[in-house]
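Working notes, beginning with the structure itself.
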Amino acid sequence: MFKLFAALRKERLWDFTGGIHPPEMKQISSEIPLRRIPLPNLLIIPLQQHLGPEGELLVKVGERVLKGQPLTRGNGRTLPVHASTSGTISAISRQVTAHPSGLPELCISLVPDQQDCWGERHPLPDYRAMTPPALIDHIHQAGIAGLGGAGFPTAAKLNGGADRINTLIINAAECEPYITADDRLMREHAAEIVSGCAILSHILAPERVLIGIEDNKPQAIAALRHALQCHEKIQLRVIPTKYPSGGAKQLIKILTGMEVPHGRHSASIGVLMQNVATVYAIKRAVIDGEPLIERVVTLTGEQMHRPGNVWAAIGTPVKHLLQNGGLIAQNKHPMVIMGGPLMGFTLSRLGVPVVKITNCILTPSRDEFSVPQAEQPCIRCGACADVCPARLLPQQLYWFSQGKEHDKARGYHLQECIECGACAYVCPSNIPLVQYYRQEKAEIRALDDEARRAAEAKARFEARLARLEREKAAREQRHKQAAVSVSNSDRETIQAALQRINLRKAGQTDDVAAVNDPRQAALAAAIARAKAKQAGATPAPAATDSDAAAPAPQDDPRKAAIAAAITRAKAKQAGATPAPAATNSDAVAPAPQDDPRKAAIARAKAKQAGATPAPAATNSDAVAPAPQDDPRKAAIAAAIARAKAKAKQAGATPAPATTDSDAADPAPQDDPRKAAIAAAIARAKAKQAASGHATTEPVTVQENTDGARRQIHRATLQAAYASGAGADLTAAAEGATPESDRQAAIATAIARVKARQTLVNGEVPKPVATSTPTDTQKAAVAAAIARIKAKQASAAPSEE
């Protein structure tokens with residue numbers, strides 16, 4: 001019946017599996033009051049004293065700081081650190097800190113000025129008027145972390161369970177041997193601890209607040225009960241002494257009977273736990289405005305001459321604490337343990353600083369701790385499994401840790417190990433199981449970090465590929481839209497350009513240009529005619545009249561001029577060597593119609609070509625008529641006829657008489673220009689008859705040439721004057737449109753060049769048959785040419 005009523009009581013307690021009862025050894029330091037020690041000559045303040053990354057530096061070397069001034073900036077799970085006293089920053093470097101690995105970390109070296117001047121503080125005495133988020137942020141800026149040993153940021157823990165907490169547990173068990181820091185703190189500052197509990201209750205608003213304390217601390221229990229008289233919501237629970245009842249999951253099981261699920265936090269079941277020293281630091285931060293810059297540290301062990309609990313500033317070297325505690329070293333390198341005998345670690349050097357999670361400095365003698373025994377093989381006794389409070393299999397975890405079987409160790413819940421050291425305490429083979437577990441955890445964390453970085457790199461790579469694909473798709477879409485928006489004319493231009501590029505590769509550029517551009521077509525035609533002339537250097541059948549009369553393209557005079565110029569140039573190149581007579585098509589190639597400069601160039605080239613002997617021109621070359629609607633060309637033809645007649649009169653031997661048809665072919669009377677030509681021819685014949693007596697005297701070729709030139713020039717002027725008189729009548733009668741002056745100048749130049757070439761060469765041409773009698777102009781011109789050639793033939797023997 002008694003057990004039934006006890007089970008129904010609210011103060012019911014539960015038990016956890018396993019656990020041990022080692023010697024407590026707390027009486028060495030528990031009966032000595034708290035004391036303060038003087039500041040050291042140098043404080044070494046690590047930037048990372050909690051679970052999380054280090055903060056951003058706010059100070060620099062040589063800067064003077066005040067007590068409580070932030071040295072780093074904290075955001076999220078990054079806690080700031082503060083100056084433990086006023087002084088000057090002497091260095092910021094990496095130094096060995098209080099960690100089992102002994103690896104150096106970034107630290108701030110502060111030289112105290114021994115004035116201990118406080119900086120600006122922000123107390124909140126009326127904290128009930130503040131909102132929970134504001135209080136949590138204030139706690140975060142004070143740099144408060146869990147002081148029980150884990151070092152988890154208190155503000156992060158409060159934020160994580162703000163709306164789900166039903167039970168708030170204050171851990172005052174302090175179950176590990178030798179450590180009495182919390183015991184002395186509760187004895188001397190019980191009221192402040194209760195105030196801290198009230199602040200947490202205001203922030204979390206839990207249904208109940210439980211303080212769990214072991215029954216081996218009667219004085220602390222009495223002090224707390226006295227302080228809780230005015231706080232009915234806060235309950236004090238005294239639990240049996242058993243190691244490790246101070247573990248978070250173990251104390252939750254003892255006070256509530258609930259177990260925290262694997263891989264989850266206590267907040268998932270509505271329970272939040274805080275250490276009693278952390279609660280005291282919260283009270284000092286909120287009500288007094290003091291950041292976490294000092295804590296209570298137990299100095300104990302049989303080698304300590306003045307053991308006890310001291311207020312140690314954060315960053316105080318362990319060597320300074322040992323000097324204050326009166327260490328009596330039994331050898332040159334005494335054993336110094338930071339923490340308790342079960343969960344602590346041996347320091348590699350005594351210059352490491354005190355940090356926020358440092359609760360004890362233990363210096364045992366040889367009699368306290370037996371000489372370490374050599375490690376022996378596991379005998380599979382199972383004692384470790386019996387005492388494990390987490391209900392794990394330490395033996396299997398040991399094998400997996402030895403064999404580097406990380407997956408199996410993870411599968412056997414190695415992460416649930418609280419590293420209490422109970423398994424190593426009972427191991428008969430002296431196997432340091434906790435050390436193996438710590439090493440295996442570190443390796444697993446390293447593998448997890450590497451896998452996480454690889455996953456992040458893969459995610460970045462995949463995101464980059466996705467971005468490139470999106471950009472490519474966007475470009476293709478823009479190109480498609482641009483292709484759709486191209487007009488028909490632009491599309492034709494693009495297609496023509498592509499066709500030219502493709503045919504240029506195949507050597508067909510000229511054909512494509514001729515097809516797509518009329519100007520290029522004319523140029524191609526001229527090139528073709530020039531090539532035909534070059535091919536005509538070898539004997540070939542004469543071209544038909546239809547070929548000779550093929551007109552050049554009339555749609556663009558510039559194209560025609562270009563084609564004619566190219567044809568003449570190639571014809572002159574072919575004329576440098578003896579070649580057969582040109583065809584009719586060569587004779588009717590039109591001269592440039594719109595450029596006097598090209599005409600001048602053609603005249604110069606014709607003069608150069610005339611320096612070498614050339615075959616006599618055919619009838620088609622000689623009788624190519626000028627256009628019938630141009631009086632200037634008619635005058636030029638008449639002048640040429642008169643010049644040839646005079647040259648015949650000046651010959652050494654008499655030339656054969658011309659027929660009546662040659663001399664008396666009248667031009668049609670209905671055309672004044674033709675009449676002028678006929679008159680000029682008649683005057684030339686009369687002059688020849690009058691000067692017949694002078695033919696017996698020899699005349700040089702040079703004199704004949706000069707006279708012919710003067711006569712050609714005079715006849716040209718007279719014919720131009722005569723033709724000009726009837727131009728207006730002809731234009732009015734026939735409605736013809738006169739062509740440009742350039743054509744007349746070109747025709748005149750051609751006539752002069754041909755006459756000079758004939759006289760200078762002095763060749764004896766063959767008689768040339770007259771053209772069809774139906775064209776009076778052609779007949780007259782042919783007769784004049786025949787007479788000039790006969791005169792040259794008669795003058796040649798006389799010179800010899």
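Glycine residues also receive a Cβ, built from the backbone N, Cα and C atoms like all the rest.
Taken from Swiss-Prot, the feature [4Fe-4S] cluster 1 binding site applies to Cys378, Cys381, Cys384, Cys427. In the three-state DSSP classification, Cys427 ([4Fe-4S] cluster 1 binding site) falls within coil.
Sequence-distant contacts of Cys417 ([4Fe-4S] cluster 2 binding site), defined as residues of its own chain at least six apart whose C-beta falls under 8 angstroms from its C-beta, comprise Ala390, Leu392, Leu397, Tyr437, Lys441. According to Swiss-Prot, the [4Fe-4S] cluster 2 binding site annotation covers Cys388, Cys417, Cys420, Cys423.
Residues annotated as compositional bias 'Low complexity' in Swiss-Prot: 536-553 (among others).
Here Swiss-Prot flags 571-583 (among others) as compositional bias 'Low complexity'.
The annotation compositional bias 'Low complexity' is assigned in Swiss-Prot to 599-617 (among others).
Residues or ranges marked as compositional bias 'Low complexity' by Swiss-Prot: 647-667 (among others).
Swiss-Prot lists 675-690 (among others) with the feature compositional bias 'Low complexity'.
The compositional bias 'Polar residues' annotation in Swiss-Prot covers 693-705.
As a whole-number mean, the pLDDT of the domain '4Fe-4S ferredoxin-type 1' (367-398) in this prediction is 90. Per Swiss-Prot, the feature domain '4Fe-4S ferredoxin-type 1' maps to 367-398.
The domain '4Fe-4S ferredoxin-type 2' annotation in Swiss-Prot covers 408-437 and rests on sequence analysis.
What Swiss-Prot records for 536-558 (among others) is region 'Disordered'.
Annotation comment: Swiss-Prot describes 571-631 (among others) as region 'Disordered'.
Residues or ranges marked as region 'Disordered' in Swiss-Prot: 647-706 (among others).
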Please identify, among the binding-site residues Cys388, Cys420, Cys423, the one with the smallest Cα-Cα distance to Cys378 ([4Fe-4S] cluster 1 binding site). Cys423
Other Cβ atoms within 10 Å is the metric here; tell me which of the binding-site residues Cys384, Cys423, Cys427 scores highest. Cys423
For the domain '4Fe-4S ferredoxin-type 1' (367-398), what are the DSSP-based totals of helix, strand and coil residues? 10 helix, 0 strand, 22 coil
Which residue, of the binding-site residues Cys378, Cys381, Cys388, Cys420, has its CB surrounded by the fewest other CB atoms within 10 A? Cys381
Name them in sequence order: residues not among Cys388, Cys417, Cys420, Cys423 whose Cβ is within 8 Å of the mean position of the Cβ atoms defining the [4Fe-4S] cluster 2 site. Gly18, Cys384, Val387, Pro389, Ala390, Leu392, Pro394, Ile418, Glu419, Gly421, Ala422, Leu433, Val434, Tyr437
Other residues with Cβ within 8 Å of the Cβ centroid of Cys378, Cys381, Cys384, Cys427 at the [4Fe-4S] cluster 1 site? Ile379, Arg380, Gly382, Ala383, Pro394, Gln395, Tyr398, Cys423, Val426, Pro428, Ser429, Ile431, Leu433
